[in-house]
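Following: one structure in structure tokens, then a few remarks.
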Ligand code: NAI
């Protein structure tokens, strides 16, 4: 069969295995020629390693100068009778590239909230990392977290708090600009979002690793956050996600105290807004992304996840005598996005942008291209007319949900 792009609303329902491989290779090529990471970590655990920032961090740390070995946790679907599987499943092919490069890369595919996955990770650290990690990257983006004390699931919501918000979203399925009004979250919804996307699970992972004596001297941990300019605050910083991120920032301070015992540190890292599987879900954020992409590309300051991560490790987290942080002890890698001249032009574009001109005024082509590429489409060197057998994909991959490695 030929694998075609299939989008439902803002969700990709298909992924191209060879396009995902091309995406990994493109990112590897970028970090190889970028300024190199100095004094980087050698043994890295990445929780949420199969797409977005987590995957980019994994590529940067392996190929961008640190020569790190990695254990990557992800929750992805392999090929089955129901479909070809998720892009993240095929992105885990990173393992093969790392192995060819002489590095160890272990994929743990399963629910990061479960004890099973934690046990598998500790075992992998024992087996492949001589029992210790130098860096833990927490990069989960998810809508649900099981409450281990009950049968209940906490579900996060992306809603404003206090007042409703009206704005546009762009349906990638049919390129339509849709105006909608989001009603404010209830207190229960806001609390559930903190449970899912706040710092509690990050802290619980670090506690698990401390108890298993898996943290090396000097071990650092980071998790990703977003703040954005004022125009995004009603839906982000002042909304349910923002509350969860404030909780994550507070958790970073608590973890920093715990990691001081290892002469290490914990940091929430504020990143740039980008098209990822998670971010296209955020209602009303898309027009901002379109304007931001246009302005930053024109200025030559646009970065994707991979450029963000390489810059984070070379200029902030490693090779400096002290990790540079702002007044709230956050690492800021969103500086280029928030540059006043960028934001002035973005605001001017947003004031004029509407359903009939968003493709011309904003960088819709770039936004959509990024989304397609996330799912392995739009790569010029991939032959999309080639026949791919689902049976072959299934037999070439290990599709047990909690396998420790797979390849195709
Ligand atoms: P993504 O959707 O591209 O990647 C999420 C990762 O989490 C994937 O590897 C997925 O397999 C894994 N995952 C999800 N649920 C899991 C589970 N239960 N068990 C194991 N693995 C699971 O997300 P993205 O955008 O890279 O987000 C990562 C972090 O970066 C989030 O905290 C997000 O808020 C933050 N961030 C994102 C920005 C953006 O514009 N995309 C901007 C700033 C911060």
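Any Cβ shown, glycine's included, is placed from N, Cα and C.
All annotation found in TrEMBL is predicted automatically rather than curated by experts.
From a predicted model like this one, the values you see are computed outputs, not experimental measurements.
TrEMBL has this to say about the protein:
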- 3-80: domain 'Trans-2-enoyl-CoA reductase-like NAD(P)H binding' (DOMAIN)
- 48-53, 75-76, 111-112, 140-141, 245, 274-276: NAD(+) binding site (BINDING)
- 76: site 'Plays an important role in discriminating NADH against NADPH' (SITE)
- 84-318: domain 'Trans-2-enoyl-CoA reductase catalytic' (DOMAIN)
- 226: substrate binding site (BINDING)
- 236: active site, proton donor (ACT_SITE)
- 325-388: domain 'Enoyl reductase FAD binding' (DOMAIN)
Restricting to the domain 'Trans-2-enoyl-CoA reductase-like NAD(P)H binding' (3-80), report the mean pLDDT as a whole number.
96
Looking at the recorded positions 76, 226, 236, which ones sit with their CA no more than 10 Å from the CA of residue 50 (NAD(+) binding site)?
76
I'd like the number of other C-beta atoms within 10 A of the C-beta of residue 75 (NAD(+) binding site), please.
21
Tally of DSSP helical, extended and coil residues in the domain 'Enoyl reductase FAD binding' (325-388):
28 helix, 2 strand, 34 coil
Near ligand 1, which of the recorded positions show up if the criterion is a Cβ under 6 Å from one of its atoms? Options: 48, 50, 75, 140, 236, 275.
48, 50, 75, 140
Candidate nearest residue 245 (NAD(+) binding site) in space, where candidates are the recorded positions 76, 226, 236 and distance is Cα-Cα:
226
Nearest-integer angstrom distance between the alpha carbons (Cα) of residue 111 (NAD(+) binding site) and the residue listed as 'active site, proton donor':
26
Out of 76, 111, which has the highest number of nearby Cβ atoms, where nearby means within 10 Å of its Cβ, if these are the recorded positions?
76
What is the three-state DSSP composition of the domain 'Trans-2-enoyl-CoA reductase-like NAD(P)H binding' (3-80), stated as helix, strand and coil residue counts?
29 helix, 16 strand, 33 coil
Which site among 140, 275 has the most other CB atoms no more than 10 Å from its CB, taking these as binding-site residues?
275
Provide, as an integer number of angstrom, the distance between the C-alpha atoms of residue 275 (NAD(+) binding site) and residue 226 (substrate binding site).
13
How many whole Å apart are the CA atoms of residue 75 (NAD(+) binding site) and the residue listed as 'substrate binding site'?
22
Quick one: give me the count of other CB atoms within 10 A of the CB of residue 50 (NAD(+) binding site).
27
What three-state secondary structure does DSSP assign to the residue listed as 'active site, proton donor'?
coil
